[in-house]
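Reviewing the structure listed below.
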Amino acid sequence: MDRARLWLGLLLPVVAALDFRYHHQEGMEAFLKSVAQNYSSITHLHSIGKSVRGRNLWVLVVGQTPKEHRVGIPEFKYVANMHGDETVGRELLLHLIDYLVSSYRKDPEITHLIDSTRIHIMPSMNPDGFEAVQKPDCYYSNGRENYNNYDLNRNFPDAFENNNVTKQPETLAIMEWLKTETFVLSANLHGGALVASYPFDNGVQATGTLLSRSLTPDDDVFQHLAYTYASRNPNMTKGDQCKNKRNFPNGIINGYSWYPLQGGMQDYNYIWAQCFEITLELSCCKYPREEKLPLFWNDNKASLIEYIKQVHLGVKGQVFDQSGAPLPNVIVEVQDRKHICPFRTNKLGEYYLLLLPGSYVINVTVPGHDSYLTKLTIPGKSQPFSALKKDFHLPLRWQPDSISVSNPSCPMIPLYKFMPSHSAATKPSLGVFFMTLLYVFFK
């Protein structure tokens, strides 16, 4: 087997190393198409939609079966350049692609990662905004918004407030994309600060303290995810590397306690797509000079790889009926971790739960039938590149009339009336709101 891998590594193509410069749409497309052509066995390039001005929203998939999902292989994604003037993430993802494909069958760790994970990489969600930026600029400049002047990170449905704004083509493309894949883990790459921010970004109630937090039922996992990234970035982990910016202990923060925002993408991923997403602020300067790019790559390379590995935390498996047929649309959740929109199995009966080591009670609920409780322990040292596997075989037979095949949609309206008591979210007072404007303006 090792000898076969060696020969395959020798047969894989060699593409010239990607240079450290900003790649505009034409150059980015040329690079992505070259990778897809030269590494066709492990990559798949496709567009999930178009921007306002008709530019493709490219996604490169890296994996052993890049064109299709395979049972037991979790789906991971990185998205960058949501704000067109925040450019470091865009280039880092191009270099990550270059590193992954060139290391396959050469570096054992990267090979295992690609063989056990389906990795989706979108270097630019806002190509129109990027092309609108005239030159490097550390602060607010043209290009943050899309061509229609919408901030895409305020454009998604919001669970806490009625975010009744016109959904943009780029936003709608992401929303449709989330319906086509069972994404488990994600990160959204930004610039203008140096911190890993985790959900929620919005919240409910009203006490008016800036330092209040809005916590998810999976706050322990989210803090772990954010710290996993920040701790491997030598500058982010210090927490105070940007002048005139807030100090972030250990380089992480709850998004709401930094400043509340409505219609953010990471909350939408978690609530409506059952995908854990954090926001990575990668540079104090939004659009730094090109000569700084190698430094950013060196600072973030280990973090980018280690974060992908976290998709294998916890437990995964399938739910079957008594005949062995997979059951779709079954609620599979940890007892006492109630989500706004319940986590459900996909059409193949699969579920993925990101959990830290420990003992849990898993609640499996089939619509119209009884719930089934199972205790399990996730070991501290699990098998590399694989979550604990636990299938459920239920004593019932699936019938289309009794169990819906399609997942019911969660209401796209404020859900504060239905929020469980675990949420510590608070709305800031008017005075606190103005205190946060400086953060919002320069983010």
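Glycine residues also receive a Cβ, built from the backbone N, Cα and C atoms like all the rest.
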Bonded to C284 via a disulfide in Swiss-Prot, from among C242, C275, is C242
If I go by Swiss-Prot, which of H23, H24, H190 binds Zn(2+) at the same site as H83, E86? H190
With C138 as one half of a disulfide in Swiss-Prot, pick the other half from C285, C341. C285
Where does the N-linked glycosylation site label fall among N164, N235, going by Swiss-Prot? N164
Just give me the nearest neighbour of H190 (Zn(2+) binding site) among the disulfide-bonded residues C138, C242, C284, Cα to Cα. C284
Sorry to bug you, but what's the C-alpha spacing from C410 (disulfide bond) to H83 (Zn(2+) binding site), rounded to the closest Å? 27
Disulfide-bonded residues near E86 (Zn(2+) binding site) (Cα-Cα within 10 Å), from C242, C285, C341, C410: C285
Just to verify a number: CA distance, C138 (disulfide bond) to C242 (disulfide bond), in angstrom, no decimals. 11
Top Cα neighbour of C341 (disulfide bond) in the set of recorded positions C242, E281, C284, C285: E281
Quiz question: given the binding-site residues H83, H190, which has the greatest number of C-beta atoms lying within 10 angstroms of its own C-beta? H83
Listed recorded positions among E281, C285, C410 whose Cα sits within 10 Å of C242 (disulfide bond): C285
